[in-house]
Amino acid sequence: MTLTVTHCAPCFQGEWVWVDPGIGVPIGARVKLTDTGHQLLVDDEGKEHKLSQKEEGSIRVMHPTSVEGVDDMIRLGDLNEAGLLRNLLVRHRQGIIYTYTGSVLVAVNPYQELPLYTADQVRLYHGRRLGELPPHVFAIADTCYFNMRRHNRDQCCIISGESGAGKTESTKLVLQFLAAVSGQHSWIEQQILEANPILEAFGNAKTIRNDNSSRFGKYVEIFFNKDGAIEGARMEQYLLEKSRVCHQAMEERNYHIFYCMLAGMTAEQKKTLCLGNAAEFSYLKRGDCIVCDGRDDAKDYTRIRTALKILAFTETHCWEILKLLAALLHLGNVSFEATILNNMESSDVSLSDHFTFAAKLLEVQPAALAVSLTYRSFMTNRERVSKPLNSEQAADSRDAFVKAIYGKLFIWIVGRINSAIHKTPTNGPKYVRNSIGLLDIFGFENFDSNSFEQLCINFANEQLQQFFVRHVFKLEQEEYTKEDIVWKNITFSDNTDTLDLLAVKPLNVLALIDEESHFPKGTDVTMLNKMNRAHAKCNKYIPSKNTHDMEFGIRHFAGVVHYDSNGFLEKNRDALNSGILKLIEASTNTLLQQLFEKERQVSTLSGQFRQSLDSLMNALSKCQPHFILCFKPNDDKKSMVFDRNLCIRQLRYSGMIDTIKIRKLGFPIRHTFKQFLQRYRVLLNTTVCDPKTVILIHCRSLGVHSIVLWRFAHINFFFIDLDHMYLLLLGSFLLLSVSFNQLQLGFERLQSTIRGRLARGRYLKELAAAVTMQSQVRGYLARKSYKSKREAVTVLQAHTRGMLCCHLRKVFLSAQERMARERSAAELQQRLEDVLSQSQEAAAKPEPVSEQEMVETMFGFLPNTVAVGGREGPAPEGFEDLERTLTVPENEEFSFTKFSALHFQGSATYSHIKQRLRQPLLYHEDEGDALACLTVWWIILRFMGDIAEPKLINQEPSAPTPSQNNLGQRQNRRLSNLVGLDQVLYIRTQPQIQFNFALSVLVCPCRDEIYCQIIKQLVNNKNQNSSLRGWVLLSICLGIFPPTELLMQVSLNFLGRGPSSYGPYCAERLRRIVANGERGEPPCWIELQAVKTKKTTQVSVALMDGLSVSLPVDSACTSAEVCQALAKKVNLKDIYGFSLYIGFCEKVWSLGSGGRHVMDAISQCEQEVRRKGEEEQHAPWRLYFRKELFTPWHDSSIDAVSTDLIYRQVIRGLKSGEYHSEKEDDFVQLAAMYYYVTFGSAISGENAKKVVEECITTELIETKSQGKLIQLVNAAHTQGPYINSRRSTDSVKGDVVDYARQKWPMYFSKFYEVTQMSGPPLPKSNFIVAINWNGISFQDEKEKKLIELSYPEVTGVNKSRYGQGPVQIFQKCVLVSFLPSFLSLATLRGQFLLQSVDAGEMADLIQWYLEGLKERSVYAVALQDVNKQGRSMTMNHLITHLTDGEYSPARGWIKGTNERTGNTGAISTDTVLVLPTLEKPSDTTLVRSPDQKKTVTQNAHKREEAISPVSLKEFALEYFRQPGKEGGRGAQARGAGREKLWAASKEPIKQPLLKSLVGNTDLSHLAFFLLSLTFPSPILKYMGDYPIKQVRQPIELTDQIFGPATQHVPLQDEVYCQIMRQMTSNSSRYVVDYGWQLMWLCTGLFSPSQSLLRYTQRFLESRPREPLAADCLQRLQMLLRKLPPHQVEVDAIQQNSNQIFHKIHFPNDSTELFEVTSTTRIRDLVRNIAYKLILASADGYGLFMKTPNKVNFKSLSQLFGEKKKHFQATGHCFSGAPATMPYLVIFMRKLWFNVTPGRDLTADLTFHFPQELPKYLRGYHKCTKEEMISLAGLLFRVKVDTDKSQFVMIPRMLKELVPADEMKTMSPEDWKKHIISSYNKQAGITLDEAKVAFLKGICHWPTFGCAFFEVKQTSEPSYPSIVQIAISKQGVSFIDPKTKELLVMHLFNRITNWSSGSTYFHMTIGNLVKGNSFLCETSLGYKMDDLLSSYVNMYEMQRQSVRPRNNSMFPT
């Protein structure tokens, strides 16, 4: 090597110098001194070179920056080719492949894997400025992403370089980085990434220079939404090298897909396609290279199939693709035999299996295929001519066919990919989204033989080079010239001349090729001759050497390339033989036909390519470009080898030197003046500096610092790179300096304040010291004075005590003697009393009597018809304690002892006595009541046998008074009026009379006194007979009336401690009487019988069909309970109107179906019998079940049972004469119907006779002859409509019922006795009111009608009791049930005020009829005049309500038709009154008086005066648009006025209120959303001011109101204004209430703007009485939400509740309600739940939304009420009917870290145990037999606790104790034995301890806390097809589900990417370059995705929490 050195300073040992090795570029060398002192140079290659003394003095020293290399070559001191080349060399040897040249990245292919592309590297470079970290492709990618988001401008990254330089890998890395920083892990991202393996398989091949060379160009455009997330992509392909399918150079391969297919297909598939190995096919072995080192074709095939699945290629698609590829391979093996046909060369297809299979796979006829390949068809002037082809031409035809198929297939695959990844924006055509384009196109190519493809490829590279030159050099320098910046132009390599030659100048190369291609006789020779002639003088064109030479050359920017023109025209024409096209049309292969569908195409291939290239360049010109220059270090694809010659050539043609110069000397950073002023205004003294109005010098003088190196041009500021950094630093410094002055002033104020505070502190200390000193002095003086006074007092006290002691001694001695005498007398008296009491007890002690005998004795007057149960004989041994007497503890809250101490009078005690009381136990104001209570005490003592019976005085019973003859009208009297002390002696002593008299006192109002007396006598009652009688009496009382609230709890407590024979029985009677109300009559005979047996009584109820039903009743049973029980027993569904009747002698009266007591009615009957002197048990009463009332809308077809009972009742009533008619025909018609029901269509005289006898009354039969009636019935039956109709008997029964209902409404009525208090005059004031389905009738006692009212005439009904109504008559009443009540009945004839004890029942019945009729009515009357288009009506007009569901009455609108005008339209319910009628009302019922109209109007405007005057009027003057004429229907007819935009109106507005939204072009894209607020506004619809044509859910309207506003801020004020407008001066309370609901929802979504906020606050503050006003005011300051209100919020406010409670479910099946608000975030709710549950930490827990389809995790940062749109797709949407989806919110542990069983007991029991147990039982864990037995024992204890009797159930419980897959390892009995043994060993632990022990037993397993997913996979052949994936805090584990062996575990930092689709989950393990792809099929991919993201985010947050913060402005 000859070294040439240049003169330089002397060098020293170790210095680096430049030497020239003779290759044209100096290289580096290091100076080394020898032992002799001579200098040697050791160059970069390690070679030593001696230097002469002359050469030693001329060595040029290397700049320090070139010694070690720099990141950015702009900073090189040796700015020349040698410096650049050595910098790349040094960094290449250091393993650093990336270097900056300004913002251009130079990437040198390392030809080896480097650890530079991990997920950690992605996170490291994301968000960092360019140059902050070492050069990296990720830095360029992040710069693209950052600029796109910051400037909202599309970006593009142009990756250029020679083939094999690494362009494809760089493109993939950028794409993967963008997908990673997008952060969504969405399926669309994965689809975009997976497009690369498919395109590489079909478009890449091994070449000499590159093992994965892209043989096509592609431009990938990735689309991002406004949040920076990827939402789609589009790919464009350019010029696939189709010739490679048929021909490859030596050491090159065909496209990868062929080799992958043959290596990866199954044997069965290959057999089907008749395929073998690659060496068998001609197309695959022409390059003599079958295997590519470093590639695994079989594994790649699996990856390709995976990618096809991800990109939605179906199995059918894949198989069709394989068929075509196989057909191409078979076609390649087809050979042709030369023949002679008609003296012309021809050829025939050599018969072979390949040809046959090819035809079969192409689905064409073999003969047709042979003809199309061996003949060529073309059109002449008149006909189509076929010309035979020789064997060579036939082979070319075959190859053309194959290339066409493959090329079309590649285009089709790209189209399918685009259909999967390119989604059209759904937000409308105006939706703007940004994109980043990645261009990976073929590099510059120069082979030994270059053809037409190389010409096109190099032309594309020339275009890209020109784009680079233009962007870097031309535009840059033109901008400087335009801005008058002093600049010396830099010369650079410009390839404009080459582009002119190729495609710009007239007769350019490509144009000439196209021109010659259109000539039928054009050949490659004629084309070449034309090019030689046209461009012979062009220095860029190298013509062919001679006429026989077919080569020409072009001087490209990268060097000279010689092209072989042979085949140019054929390739450019790219046309198929017409015969082949016909063959394709005849094929049945669907995919083949799709590939060749006719499309409009450019005629030539070069034309197509130029068109695509022009489109590409146009797209690139609209983007901000970024450049990556890829360099090849050598042609041998070897690592650590650096070919200087190759690299310097790439440096030269890339223009790197010139790039560095212009980047270093130029101004790469520029801003417009506005941008500069906005960024650096802190550098200026003022902001008034406009270059258009202020001179340049003045503007520059405004700068604070003049040292900034920038140029101020006409409109732009230009900075050099370092100046830009300096400005940023200076700006920060000046911001700090400006803030420093403010801080200094603040510190001065702070100092003064502190000094003042210190001074005041010192003053206060001194003041406190002075006060302390004064207090001490005063204290000393006070103590001294006190001491002297105390000594004086002590002396005085001593003398006084002495005198008192002397006096007290005398008094004490006398008192002691008196007390001793009294004590001895008391002891004597006590001994006497004890002796007397013992003798009395001995005399009174009865013989032992059993309880049964005592009861029999008490109820001896009852016959022994029912066995009586009781306690007979002594109690068994050991059960004597149950026979205890009652002893009430004294320390209980509701004990009788405590009650007596608080409420009893005098010295009365709580226990049993036998003496007469001197006063009642409780206090009574009335003296008569007090006397009655004492009498009651005397009766109770007698009944219980505590005192003897008095002597009987004979007296004849008095005759009954007339008042006693009226049943059902007995009024209760006070006991003091019934019983006097003088009457006591005349009470008979017979038990029956005594008992009945005792019960007669139970109507006494002093009920608590009675209960207290009875309970007192039961407490500590040692007499068994007396105690039993007391319990009997108490049970009877509890069946009549309950105690008051004062005594209720005491009574319950007492009964709960009573004896087992009566305590529960009495408690149940008390419960029943409290539930059904008190009784009004004493007990009847059957009740006493029930008390005797302590069982329910059976009564028989007769039905109208002759059957009787036996039902159990008790003392408190009501008619409603009997009716319900009976209806259930006979399966009666339509129960309304059926009542219970009681019959007695000749009378039958109704007990109704309400709260009347059945026993009271029976008691009245027995009393009447007793009054007559007969026995009560023989009282002839009966119970019946009958129809009493009909509804106006009665339908007999609803319930056949009901219809049959009514039918039987009607027929029975006809016969008995109960139902009477003046018309004989009524009886005949009903008899004819009965005839048909009974005998059908048969006609018989005997049948008619039976009908007459069973239907017609005897009176009518006697009046009319029986024969005549038989004849009439027969005629009616024969001529009736039923004989021939074959109607069912049930329907005819219904006709009978309807006939009776219509004819006899009075027979189906309720009757009430009333007294008229006021109203229109009637003949009588006391009369009877009859209410039935037809109306209301007033009639006298003779059933003469006084007045009849239909329901449309009734306008109102009201009820009131005494003291509440308009009149008050009585001053004091005994019982509330008999208080006088009033009924106010408002009618068109006037208002009636009626008094009746049943006024409440009457009002309820009438109101129920009115409401039911209104619900079903279609008639209404107009209350006011309305004159609007389509809705014109006059007052009192009849309106027919059309119930077609078009409008919702609940929203205030109905659809109606004016009967007079015929107009139909929407009518406000405020303007009409719905009439309660089912038939068209008469005209008289339509007339409403002016007073009634006035009343309705007043009710409608009752809130007008309460409306606050604060409105938006003031705000409207400034911000609202100008008001116009009132629009709407009928406006012109009324004489329209100006709109009040700030006040409510029912007319829809036609444009927004805010003038900022009217006609604003900047808001034109909101036009669609503005329409949703107008024409008409959904606000009007929600509030009810506008009719809704269909019943819509409130959530639909709230979505329409708030949905657009949450997405577009300018609409938010408009929503506020429209809501407040409709709430201002709105007379409808209904509407205003709904307006407040909208305001409440609105304030929880977003706040008004600052201009509107003040008015909104005033609007709310001025309405303090509104329930929601204060809450709305508070919600105004909440955060901004992104979505409309949730269904829960709307439902809550619809229920007038501003509190939202949501049920949260826990894994242990417990639930709890938690309050949430509109702005509650998931994170806050999680913490609140954890705090309430007292969990140790909320970390790791989360909320899950469970729907019928899936379980979704809710993000911690998400608002709880925020509804997800993908969830709302099945719930609510902006249009269409909503579908409600049920869901549950579950709180459970999600991330299992820091989980130690036993540390947090609540978490273990509530979450850990119930979450881990199912995993264990499903067999997910690997465990030993001993562990399973131990755990089974613990689980058994959890199930049964200590109940060892459950041991026998263990075999049946195994699935709850043992893993499912391990149950068969032992027999059930063996499991039982082992589990029992384990259970016994664990004795003594509680259930909670057993659960914790279970967790401790499994927590050491590696799979503890894992989430398991069973998936199906085909990605890894070594794994089973079904794999179990376990995700835990350690990472992602793959487990064999059968053996439970761990296959592999991947740490989270090894997982670079993952995503999930609807049925797939994908994961990439390893780095971004050579990562392993894993695809599995599962429907739970979304859960795996979420769980994986959560764990990765958790670790990332932990890393960030410990990572030191780095200031991005001052990088380290």
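Including glycine, each Cβ sits where the backbone N, Cα and C put it.
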Candidate ranges 613-635, 797-819, 1671-1693, 1786-1808 [criterion: TrEMBL lists as region 'Actin-binding']: 613-635
Region 'Disordered' per TrEMBL - which of 34-54, 1483-1503: 1483-1503
Range from 1097-1417, 1544-1694, 1700-1999 with most C-beta pairs under 8 A to the domain 'Myosin motor' (68-732): 1700-1999
Neighbourhood of S163 (ATP binding site) by C-beta distance under 8 A, where only residues 6 or more apart in the same chain count: T207, R209, N210, S213, F442, G443, F444, E445
All-chain count of other Cβ atoms within 10 Å of K167 (ATP binding site): 28
Sorted by sequence, non-G161, E162, S163, G164, A165, G166, K167, T168 residues with Cβ within 8 Å of centre, ATP: N109, N210, S213, G443, C630, K632
Other C-beta atoms that fall within 10 angstroms of the C-beta of G164 (ATP binding site): 22
The region 'Actin-binding' (613-635), counted residue by residue under DSSP: helix, strand, coil: 9 helix, 8 strand, 6 coil
Around the Cβ of A165 (ATP binding site), the count of other Cβ atoms that are within 10 Å: 24
Residue among the binding-site residues G161, E162, T168 whose Cβ has the most other Cβ atoms within 10 Å: E162
Sequence-distant neighbours of G166 (ATP binding site) in its chain (C-beta under 8 A, six or more apart): A107, N109, C630, K632
